[in-house]
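TrEMBL has this to say about the protein:
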TRANSMEM  6-28  transmembrane segment
DOMAIN    164-304  domain 'SSD'
TRANSMEM  204-224  transmembrane segment
TRANSMEM  254-272  transmembrane segment
TRANSMEM  279-298  transmembrane segment
TRANSMEM  333-351  transmembrane segment
TRANSMEM  519-538  transmembrane segment
TRANSMEM  544-566  transmembrane segment
TRANSMEM  578-597  transmembrane segment
TRANSMEM  617-642  transmembrane segment
TRANSMEM  654-674  transmembrane segment
Amino acid sequence: MKTGWIAWLVRHPWTVIIGWLFLVGLALPSAMQVSRHLTANGLDNPQSQAVWATNQLADFSHPPSPVSLVVSHVPNRQIPILTRSLRPGAQILYPLTRDPGYRVALSRSFTSVAAEHAWEIRVRAVGGTIQPLTDEAIGQVVTQDSTKTLALSGIVAAPVFLILLLAVFGSLAAVGLPFIIALAGSELALAAVSVIARYIPLSVFLTDVVSFLALGVGIDYALFISTRFRTELAEGKSVPEAVVRAMQHAGRSVFYSGLAVGIAVLGLSLGGNPYWRGLAVGGAVAIFAVLLATHSLLPAIMTVMGRKIHWGTVKHRFNTGFWHGWGRWASHYPWRAVGVGLLLLAPLAYFGPAMTMGSPANTAAMLPPSNVLRQAVTVEQRVNGAGSIAPLAVVLQFRPPLSRPAIWQSVARVTQKLRQEQDVATVSSLTGNGLSLPMIARMTAKETPTAFRAFENPAHGMVVIYLTAASGPDSPQTSALIARITRGLPAWAPLAERAAVGGSVAYQNSFNQLTAGRLPWMIGSAVFVAFLVLAWATGSWVQAFLGVLLDGLVALATAGVLNLVVQHGAWGFQPAPVDSAITPLIFVLLFGLSMDYEVILLHRIQEHLKWGHSIRHAAWLGMAGTGAMITGAGMIMATAFLSLVISPLEIMKTLALGLAVAVILDTWVVRSLLVPGASVLLGRLAYWPWRPGPETKWAAGDPV
């Protein structure tokens with residue numbers, strides 16, 4: 001940190017505080033309007049043929065058709081009457097197994113939309129309620145559940161937060177600092193996102209990421225700097241001197257780590273669509289906004305508070321004596337420390353490569369098994385077939401006009417090939433309705449009949465064939481079917497200028513494929529940034545390499561936990577791949593956030609090296625001085641993440657588990673065992689090529 005800037009902040013603290021109040025007030029209206037400019041879409045793969053085909057379906061006329069309905073609160077005596085009112089002798093209301101108060105009326109029970117509406121009136125007349133079973137209805141439940149989770153998780157975690165913050169910060173006055181920094185940073189970040197989103201499509205999901213990251217890094221950064229400030233005060237420094245010293249040392253570390261986190265999160269933009277670009281921009285803006293607050297607002301507040309920051313001091317804080325002993329053991333028995341650390345990580349890392357990821361095409365799968373909409377979808381799949389909830393659409397584009405008989409011969413050939421495909425349940429096509437091909441061509445030459453508009457769009461030379469798979473939307477068999485059709489279309493329809501499979505399943509598959517293909521680039525960029533920032537911050541290529549190597553081991557161990565828990569259905573999870581929409585986020589944040597703890601620890605060890613201590617003694621004192629702070633900050637972050645497990649949504653629980661495991665392994669294993677132990681073992685090479693000066697004692701007996 002520049003001494004001149006810090007000195008100015010110390011001399012004019014109220015100017016800075018008032019300036020921030022004005023800035024937050026100015027940003028508040030834009031921050032409150034941020035959701036207006038964000039898109040709920042963005043999961044598409046811009047280069048995907050499946051996305052192109054799915055987008056073309058909007059140009060076809062979809063005739064009104066009945067939808068399945070979830071019915072509740074209907075008296076049992078009325079059920080036979082409601083059943084007979086449509087189809088005497090047929091089963092219309094299917095009970096939901098886990099909640100007998102609900103039933104589902106499947107779309108095939110109705111002969112028309114008018115019949116459906118008439119039946120709805122009868123249901124409401126006897127006191128029943130109706131909810132359509134559509135993707136939109138399921139999506140609303142998912143959104144509502146995620147919003148409730150974020151609010152409820154804060155309430156649930158608040159008591160634990162308070163205890164941990166008091167234990168780590170050590171005083172009631174100091175506890176308020178991270179929340180001030182997080183609030184100021186998040187408001188500024190949301191306002192910036194609101195402006196950016198007017199020019200670049202950004203995902204609606206980033207509002208949660210901005211708030212989450214601002215709170216997490218706000219706590220970390222305020223903890224690191226305020227702890228150093230209080231330490232300097234305890235050593236007899238004046239308030240201005242303590243602020244300057246805290247910003248020169250802890251502030252410098254925070255600057256480097258914040259830079260690493262922000263740039264690493266920007267690497268998510270390599271995901272290649274608006275969803276990842278939104279998370280990248282929102283996350284990076286949140287980090288940089290908090291970084292600005294910690295390097296301007298925080299020192300100003302500390303200057304004003306002065307020694308009052310000790311108000312409400314807690315006697316029983318995290319035991320620094322414990323970390324003094326831990327640091328001594330890790331530095332004096334480095335082989336044991338490294339051995340224990342590897343023993344804890346290696347078994348979990350072994351299962352990491354077996355982790356698979358994929359977002360569900362069946363959106364109901366995101367809901368808990370107890371949810372009535374998910375149960376209704378299960379009933380529909382059981383009665384109508386597993387693939388009935390997500391039909392596929394083969395879109396063929398020809399050079400107009402469509403009145404050429406050769407075009408319809410090509411369509412008929414594709415229809416026949418589809419019916420011959422394994423795992424196809426039904427096929428709907430104009431060529432399969434009993435009309436001859438010449439007749440279809442002649443009718444197409446005139447005004448398009450209403451019945452044809454769901455299957456052809458003459459103005460654009462488009463024809464669509466609908467089919468349902470015998471397997472479910474998230475089944476590997478369905479994905480294999482889509483792949484076979486995609487490979488076969490060029491030979492089946494040589495006249496078509498373009499041909500592809502569309503629909504929700506193909507669309508989601510394209511997102512999964514895009515994310516899987518871009519994942520190495522997203523994680524690779526985070527690793528590269530972490531390496532450069534560590535090298536820049538410490539002057540050591542060795543520590544930079546060691547840092548990313550150990551983070552890679554933590555990433556593998558985290559993947560191993562996700563594999564064992566999520567994919568195998570342990571701890572209440574439903575067996576499923578790890579969701580593609582969060583997997584890169586977990587690992588990029590791991591590499592970014594770990595820099596906070598790494599830079600703080602390495603800088604503290606460097607300080608002691610500069611003062612003439614041996615590498616063994618420096619590692620010992622570095623651990624003694626930062627162990628409680630680093631592990632305490634990690635526990636606070638893990639608590640914030642784990643509070644999300646109260647969500648009924650599997651995706652939120654998976655995100656909570658992945659981030660919490662990553663932070664705990666990083667702070668308690670890597671920073672507390674592997675880094676100090678490895679640094680002592682490396683000896684003179686630990687900070688190569690940085691040299692602390694001739695006064696440094698590498699100590700007789702230190703490894704060379």
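Placed from the backbone N, Cα and C atoms, the Cβ positions cover glycine too.
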Contacting positions for the transmembrane segment (279-298) when only residues 6+ beyond its ends and CB under 8 Å are counted: 1, 9, 16-17, 20, 177, 180-182, 184-186, 188-189, 192-193, 196, 200, 202-203, 205-207, 209-211, 213-214, 217-218, 221-222, 225-226, 247, 251, 254-255, 258-259, 261-263, 265-269, 271, 585, 592
Cβ contacts under 8 Å made by the transmembrane segment (654-674) with residues that lie 6+ beyond its boundaries: 326, 330, 337-338, 340-342, 344-345, 348, 550-551, 553-555, 557-558, 561-562, 565-566, 573, 578-579, 582-583, 585-587, 589-590, 593-594, 597-598, 601, 623, 627, 630-631, 633-635, 637-638, 641-645, 647
DSSP residue counts for the domain 'SSD' (164-304), split into helix, strand and coil: 122 helix, 2 strand, 17 coil
Positions on the same chain near the transmembrane segment (519-538), where near means CB under 8 A and six or more residues out: 253, 256-257, 259-260, 263-264, 267-268, 270-271, 276, 544-545, 547-548, 551-552, 555, 583-584, 587-588, 591-592, 594-595, 598-599, 602-603, 606, 687, 690
Leading stretch by Cβ pairs under 8 Å, where the reference is the transmembrane segment (333-351) and the options are 254-272, 544-566, 578-597, 617-642: 544-566
For the transmembrane segment (254-272), distant same-chain residues with Cβ under 8 A (at least six beyond the ends): 1, 45-46, 213, 217, 221, 224-225, 279-281, 283-284, 287-288, 290-291, 294-295, 514-515, 518, 521-523, 525-526, 529-530, 533-534, 536-537, 584-585, 588-589, 591-593, 595-596, 598-600
Whole-number mean of pLDDT values that fall within the domain 'SSD' (164-304): 83
